[in-house]
2 protein chains.
Amino acid sequence: MSSSSTSSWSDDLTIKTLAKERENPAFDIRKMSIVQHGSEKDLEKKEKFMLEASRDPIFYSGDIYDLTKEQIRERTMQRIQRLAHYVTSESVDDFQKRMELMSLLDPGLWTRLGVHYGLFLGALRSGATPNQFSYWMEKGVIGCNGMFGCFGMTELAHGSNVAGLETTSTFDEQTDEFVVHTPNLGATKWWIGGAAHTATHCAVFAQLIIKGKKHGTKTFVVPLRDPKTYQLLPGINIGDIGKKMGRDGIDNGYIQFTNVRIPRAYMLMKHTQVTREGEVREPPLQQLTYGALLQGRTAMVADAANTAKKALTISVRYAAVRRQFKSDPKAGLETQILDYPIHQRRLMPLLAQSVAFGFTALELQRLFDETSQALEALEPGDPNLEATIEMLKETHATSAGLKAFCTWATLETIEKSRQACGGHGYSSYNGFANMYSDFAVHCTWEGDNHILALQSGRSLIAQYQDAVEGKKLSAGTGYLNNIEQVLAAKCPSDAALDTLDGIDRGWATVAAHAVKKAADDYQSRLKAGRSREQAFEDCSQVRFVAASVHTSGYIFRQFRAAVERVEKSGDGVREQLELLAKFYGLWQMEEKAAFFLRSGWLSPSQLDVVQAKVTEYCAATRQFAIPLVDSFAISDHVLNSPIGRYDGDIYREYFRMVRRNNPQLKAHPYFDRLIKPFIERQAAEVEDFDEAIGIDEEIEEIKQDREEAEAEAKAEAAAKKEEAKKEV
Amino acid sequence: MSSSSTSSWSDDLTIKTLAKERENPAFDIRKMSIVQHGSEKDLEKKEKFMLEASRDPIFYSGDIYDLTKEQIRERTMQRIQRLAHYVTSESVDDFQKRMELMSLLDPGLWTRLGVHYGLFLGALRSGATPNQFSYWMEKGVIGCNGMFGCFGMTELAHGSNVAGLETTSTFDEQTDEFVVHTPNLGATKWWIGGAAHTATHCAVFAQLIIKGKKHGTKTFVVPLRDPKTYQLLPGINIGDIGKKMGRDGIDNGYIQFTNVRIPRAYMLMKHTQVTREGEVREPPLQQLTYGALLQGRTAMVADAANTAKKALTISVRYAAVRRQFKSDPKAGLETQILDYPIHQRRLMPLLAQSVAFGFTALELQRLFDETSQALEALEPGDPNLEATIEMLKETHATSAGLKAFCTWATLETIEKSRQACGGHGYSSYNGFANMYSDFAVHCTWEGDNHILALQSGRSLIAQYQDAVEGKKLSAGTGYLNNIEQVLAAKCPSDAALDTLDGIDRGWATVAAHAVKKAADDYQSRLKAGRSREQAFEDCSQVRFVAASVHTSGYIFRQFRAAVERVEKSGDGVREQLELLAKFYGLWQMEEKAAFFLRSGWLSPSQLDVVQAKVTEYCAATRQFAIPLVDSFAISDHVLNSPIGRYDGDIYREYFRMVRRNNPQLKAHPYFDRLIKPFIERQAAEVEDFDEAIGIDEEIEEIKQDREEAEAEAKAEAAAKKEEAKKEV
């Protein structure tokens, strides 16, 4: 339809509006994009993967929002087959990058493949002896040839507490086998990704029992299905656990084992060994096994950054082309909603935060690589042992806090982005509904966010004690060094609030206060006679707060460091990134203002300055908001959201997508069956049953009959009485 | 399966655990329930409706989480037919109460029926003349006999801005008709509930145009379909807008009008009239028309309270029966997660908040009834006119803020409840997934929450001016009276923080500061030469904050007032409600602590007292958490969540529900088609094409040939040169 003369709406207005936003950008967009992706090579790699996916019919996503769970699962299986091609044909690093993109494009697919390559293969890598690993390699584990693995940890009645799992694996010395068994309903393996349709083998977490004695939870590879027929093996019961909030592409299932026998060599024995005689050999260093957790968290922080950028690309572009109300009634066009200060307040801080998360994810990946290399290089009796364990501990605590607070913040970002798109945000076709429901599980799996935050808080208390005792802390908690000085610091001037260093100092002081509060509360509980575990529980809320404030400060520092690594070369990148970093630091200060006032680092009037600056930075960021989301480099195919299109042609494309997925039917789907009888039924006329039956006359007759009978009875009785009197 | 001797898990443990939680409750549960429902009669009514629904096969919900969009829509149509029975057979008040319950049981159904009874019929009630109303009554509008209405306000490119809608309705004097027309794609009516499958008529918002002149947006009843066949009428184009985040039961559609002619009398003319000659008569009092908005908001605040209680009934019961980790390794059973202080921190404040919302909803309903009666009683030239308009304005502003902040808080409550249930919260069968996606739209429709919060803030600025000028303000903003005194107040003592009155005073002072800040900023923008509209935009963030703080205080006051109406009769109800009210007030104080410190009402060390008290109240509320959620009186049928069952038998019922909805298949759904070719494919062997083709030898030959040819050419050239030399 073309625009009529009475209308201010024109078909190309949205396209022109977005083009205008890209004129004279405040920075070199390509350069800005490279900096955020770590290197030009990494950006090019991502672009290559996006191009390949967008042209591959298996990755067509135009119909994805209307598929049933069953259809999505089949589609996902097809995609798995496609990706398996790349596993064997490209480098591990390239494949990891490809998977990072897949997580953004199709989170269910990422999970389903991740169950095999991340969890199952990861369990083998960290738990199998070299010979065991070779055995499974020969079986085809790398290319999914003849086998597909799943990961049997959680049970119906047990989640986080691995030590409390109840599935048993009992050694039978006679046959040299383990007998894997589900002793009760609550011990049913639950939520097992890939179990319902895909897996042939499972890495089962079970209590090792030998000669009636429990030896704790170990991992056993248990065959589930005949790979030739996919029939369940004897003693295996598997069912589909069905509909979930999101990620329908992954076939989660339950598994019950009934006296299932496996060879002794199917227990992973890198750490604990069980000999032919049933002797148990425990490893000297239990800690080193938890390095495996880091990979998942590192991937999730990256996913949090990427997903926040995806959501904001849509909501910010929509805010630029959507118009509503006029500030001046005589103005020709309505105002772009991105020009309203309140709309800037809704989205711009989240934009700065997503960039902060991106840099933090790059740093965490670096830390993870460094830690992994150090771990791999470690030999028994190594002099670097203590240093490596310290590094692992710190990376562990840092990643715990980051996983928790970044995934929470991104979930909120998705929801706020959706709300910022008004009604159209509620349409599935614009992507937020699935993005939210797919992402939400990040707050729960691989460690519930609250539990992880508390772990981070517990580690901070320990670090604080070290600092007080004069031990020098490294990077992540370095601000706790010179603790007295840091605690006593105050914001020196309003001007300090406009520098990276000034803001950094504020976070150091306020985080130090939060950590001190947690450490003090913990100590006072100990003094009150509580056990260590009780004392930690008692002060869980302050521990939580310490982790929260510490993590915001940590993220700000990563952002600052990333900015300071960028050269000043006149292309605007360094300058605008610096603006965004200050913006993030100040906005988080405003969000957590009570702690800044409480610690005395900010005076009340300085808080007003912070608030005014945040509003100012909202307006400044709005000026380059479109070039900034362009620099996130997320293709229209990955966005899969017509209102977030790069070219701004949002309404036509949205209309097309809705029509394509909901063709107008020739016949009404249930008119004859349901609507016709309803709409044509007679208006309810309450028939007067009383009158038709004549119930009232009848009642009256009954009453009269009764009265007559009574009168008769009375008369009779009176007569009798009279007679009796006469007789007496 | 029965429990084995090696296991601490027993089939009935969860049942016994929940039963134990109900021993010696801190209050009379029935009495507590009555107080929260307003009266015993209202509670009994709700129980009656719940019983009826649970026994009616049409309201069977055990399979609801696995239905496709198409199936849900049919199911919803069947339920509509059932409910239409009650519309005509019970009182308006009873039917409204029934609908309030339906909103909790099936939000899509509530919407689909609400489109006809709330919006379409509401448009007739507020916009039709008496004769027009009688006409539509005779057509069958009350019983949906021969017609079903929908509400055509929003357009693809226009939402909140009703004045900016572009659909036109042009008067044709020749034929005495209006011509309704969609001038461009952006003017397509969009999101129209009931349009796709159900509606025969639409209340269309369109620009009235007479003799080329625009007269603003008016409402027109436009027939869409032939009720005998449900074929679209000439000029009507309707399509399904398909998949949404939630509420799939309602068939939202788009509508395009192409020169559709309707009689002049189909324009609703209670306010504006158009005569046969095309003369337009405007109403004297435009304001009175927006009373209609209040009903939707009132219902949504009640829904926010009810839905929060529903989510918390599930998460709190689950937390009581779920066990994880042991605080003492020698303890027999793992700890109930509700006993962890951090878990109490996650859920208990939300529990207090949901009770606060419930009382606030009752008060808003009272205000709405009062306002409606006053409006209906109003005659032209009435001396009560000004007072009534004031009352309407205040109710309007109050309800705007309440709708925004209560729906936001409940959406968060659902998500936090879901997360508190760990992995099982992510299963659709436990109810949170649908609850979240259904509820989320409350933040957007009937006024985007941000816009409504700003309206509330704008009204507060006006009230503040009135207060400064010495005008006496009524109930809702009464704390602004004696403004100087209120602003200067400080928390007198720690003890004051443990009284309803003390907490109330704190909220008064802090809300007054927030409102003053907004009013001052607004005035300073005016003085800087900005127009009123610009000044309001400039200070939108402080307006937003003012509305937020004001609304928390308002809710606390409603809670306090409700508590103080309850007699002290030794049954514990009054005492525990008072505890919950203080808890809510202090927790919100902690949440918004920066404002309490900034205003000076709390000193830093008093904030520590508040935080300690909140932790203490979390533990206190935990003691009666199960009896409290029982008092919410939500049946298992309405909860529809096995982990939230009243009897605590969560795992068996969850397992049963999953199995019932996902029967184990005889054959794998796509083994032959997809998995077999994948898993049995040959491991990728990279063939050496170079060697097979012998390309390297070939290249070498080509090279040699070329070199020979070159050497020959050179020799030839040299020979020629030599010859030429000789010739010279």
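Cβ coordinates come from backbone N, Cα and C, glycine included.
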Can you identify, from B:209-234, B:235-260, B:703-728, the stretch that TrEMBL calls region 'Disordered'?
B:703-728
Cα of B:Thr154 (FAD binding site) to Cα of B:Glu446 (active site, proton acceptor), in Å and rounded, measures 11
Take the recorded positions B:Thr154, B:Gly193, B:Glu446 and keep those with a Cβ under 8 Å from any chain A Cβ; what remains?
B:Thr154
I'd like the number of other C-beta atoms within 10 A of the C-beta of B:Gly193 (FAD binding site), please.
23
So which of B:28-139, B:150-260, B:502-679 is most in touch with the domain 'Acyl-CoA oxidase C-alpha1' (B:290-461), counting Cβ pairs under 8 Å?
B:502-679
Cα distance, B:Glu446 (active site, proton acceptor) to B:Gly193 (FAD binding site), nearest Å?
13
What does DSSP assign B:Gly193 (FAD binding site), in three states?
coil
Mean pLDDT for the domain 'Acyl-CoA oxidase C-terminal' (B:502-679), rounded to an integer?
97
How does the domain 'Acyl-coenzyme A oxidase N-terminal' (B:28-139) divide up by DSSP, counting helix, then strand, then coil residues?
95 helix, 0 strand, 17 coil
Show which residues of the chain containing B:Glu446 (active site, proton acceptor), separated from it by at least 6 in sequence, have their CB under 8 Å from its CB.
B:Leu293, B:Gly296, B:Arg297, B:Met300, B:Lys403
For the region 'Disordered' (B:703-728), the DSSP residue counts stand at 25 helix, 0 strand, 1 coil
Counting each residue once, how many in the domain 'Acyl-CoA oxidase/dehydrogenase middle' (B:150-260) are helix, strand and coil under DSSP?
6 helix, 54 strand, 51 coil
Give the number of CB atoms, excluding that of B:Thr154 (FAD binding site) itself, located within 10 Å of its CB.
20
